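Okay, so here's the structure we're looking at.
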Amino acid sequence: MFGRDPWGGTLEISNADSATDDDRSRDLDRGAMMRHQLDETQQSWLLAGPGDQAGKKKKKYVDIGCMVIDRKIFMWTVGLVLGVGLFVGFVMMIVKLVPHKKPPPPPPDQYTLALHKALMFFNAQRSGHLPKHNGVSWRGNSGMKDGLPDSTVKKSLVGGFYDAGDAIKFNFPMAWSMTMLSWTVIEYRAKYEAIGELDHVKEIIKWGTDYMLKTFNSSADTIDRIVAQVGVGDTSKGPMPNDHYCWMRPEDIDYKRPVIECHSCSDLAAEMAAALAAASIVFKDSKAYSDKLVHGAKALYKFGRLQRGRYSPNGSDQSLFYNSTSYWDEFVWGGAWMYFATGNTSYLTIATAPGMAKHAGAFWIGSPNYGVFTWDDKLPGSQVLLSRLRLFLSPGYPYEEILRTFHNQTDNVMCSYLPVFNSFNFTKGGLIQLNHGGPQPLQYVVNAAFLASLYADYLDTADTPGWYCGPNFYTTDVLRKFAKSQLDYILGKNPQKMSYVVGFGKKYPKRVHHRGASIPHNGVKYGCKGGFKWRESKKANPNILVGAMVAGPDKHDGFKDIRTNYNYTEPTLAANAGLVAALISLADIDTGRYSIDKNTIFSAVPPMFPTPPPPPSAWKP
């Protein structure tokens with residue numbers, strides 16, 4: 001008899017009924033023993049039916065330490081990760097290897113464009129053996145015998161810069177120009193580097209300082225004379241060949257060029273000391289040259305302090321063109337630069353002496369020329385420079401009182417530049433009249449724009465949002481707005497709709513009062529009077545004096561592009577130095593959080609406070 005197996009199939013039970021009790025007992029005991037000896041997996045096999053064993057495959061697992069997972073899932077996961085990695089790597093390789101266009105940099109602003117040209121003016125003014133890369137095709141070697149024919153000097157004075165449209169080397173404004181250019185490099189080195197002009201401006205400065213080192217015994221600790229000028233321009237004694245009477249290219253000069261020395265010239269000595277000291281910071285990476293500049297600066301400043309007197313006595317040739325009104329402001333100016341170059345506090349003591357400040361005019365607030373920074377009056381620049389010291393180092397006693405005075409006076413100067421206070425008149429076109437309507441106004445304007453822009457940078461770097469004019473608070477943006485308005489006027493935003501920087505813009509002066517630019521570069525040598533026809537010509541100059549800022553318009557915004565009228569059309573070395581300073585300070589060049597170099601000027605200054613002594617050794621019983 002068959003019964004139905006609930007798992008499928010038949011089950012024979014007849015034999016089971018015939019089995020004896022003993023047989024059943026033995027079978028049960030044998031099964032129990034077998035089950036006892038099998039592990040759980042084997043038992044599961046025995047419990048499973050024949051169909052289950054045939055239909056299932058044994059699963060494989062992977063032990064990865066923290067867990068055990070199915071091998072198939074593991075392999076799929078690994079494959080997926082590798083596939084994604086290969087895809088990402090392929091995409092990155094394509095991005096790197098396939099050329100793609102970078103977004104073009106923003107075009108340079110007008111101040112940067114004008115700056116490139118303004119620096120070229122100094123190349124055109126070089127005297128001596130010109131480098132091959134000078135970049136002014138119509139200029140050549142000149143002044144190659146300067147100093148040698150002079151019976152009193154008898155040494156080479158080759159080099160330096162011609163001052164303006166003539167061929168005289170005036171050391172007083174030349175030294176100031178080098179000081180100004182060095183100041184801009186110290187403050188805005190990163191900007192110069194960003195636009196590719198750092199090497200150029202440093203070369204210009206070195207051209208001037210190399211020449212200045214020739215004008216005195218720079219290897220000595222003590223000197224007794226300085227060359228003040230090469231060439232003369234006085235024509236009051238009648239027509240005679242000199243650098244003002246003759247209209248000749250510098251390369252063709254064949255007349256005598258006298259050398260003027262001075263034995264008592266505190267102003268010139270202190271200004272030259274400032275120039276060499278400031279340049280020593282610019283060239284601090286060239287230790288030998290920097291040390292040479294510092295040594296010369298020390299000798300000059302010492303000479304100026306001991307041999308008191310103005311370099312331009314009444315009736316002298318110097319007094320006719322670059323007369324110095326006093327030497328006290330040069331003592332403050334030169335002393336400040338000497339301190340930054342050497343770290344010697346004796347120079348700071350001189351620069352901050354209350355009596356020195358008084359003589360320099362620091363308290364003459366009611367003076368009509370108060371705050372007008374020029375090659376003659378360095379006090380406004382000195383006050384800004386020493387305010388920098390107070391803002392960033394704050395040396396404290398015994399300098400704090402006078403430094404606070406200089407800082408307050410700087411604030412007052414900045415207030416005087418604002419139209420709302422009526423300290424100076426403005427033309428209808430918006431040009432500030434720092435020389436009270438006199439001729440050649442632009443040289444004063446660019447200096448004021450530079451000081452305003454630089455002081456704004458100082459305040460921003462010191463996390464100071466502005467300054468007070470009485471009870472009224474003004475932000476640094478007000479100073480920059482003033483500075484930009486003046487430079488914009490010079491670069492073409494004026495009633496004449498012309499740029500006063502030659503070669504910049506579509507309309508600029510074409511008949512600049514300049515001998516080299518007005519005479520054709522045609523291989524013909526024109527004598528002392530032979531160039532008169534070019535001077536009187538109404539035609540445009542055959543050579544473009546790129547970057548030259550002319551003297552400027554009159555107080556009514558009028559301008560006459562006439563070569564013979566130097567009050568309108570003559571450029572000068574000092575004026576262009578101020579122009580370069582103002583342009584670099586306002587140029588929109590991203591160099592990081594701050595636009596100025598906060599610390600380089602203090603590189604030689606020792607810590608304000610002495611280093612604390614080391615802690616005592618451990619106590620031993």
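Positions of Cβ are set from backbone N, Cα and C atoms, glycine also.
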TrEMBL annotation of region 'Disordered' - which of the ranges 1-26, 547-572 it falls on:
1-26
Could you please provide the mean pLDDT value for the domain 'Glycoside hydrolase family 9' (111-583)?
96
Work through the active-site residues one by one (Asp561, Glu570) and point out the residue whose CB has the fewest other CB atoms within 10 angstroms.
Asp561
What is the separation, in Å, between the Cα atoms of His513 (active site) and Glu570 (active site)?
5
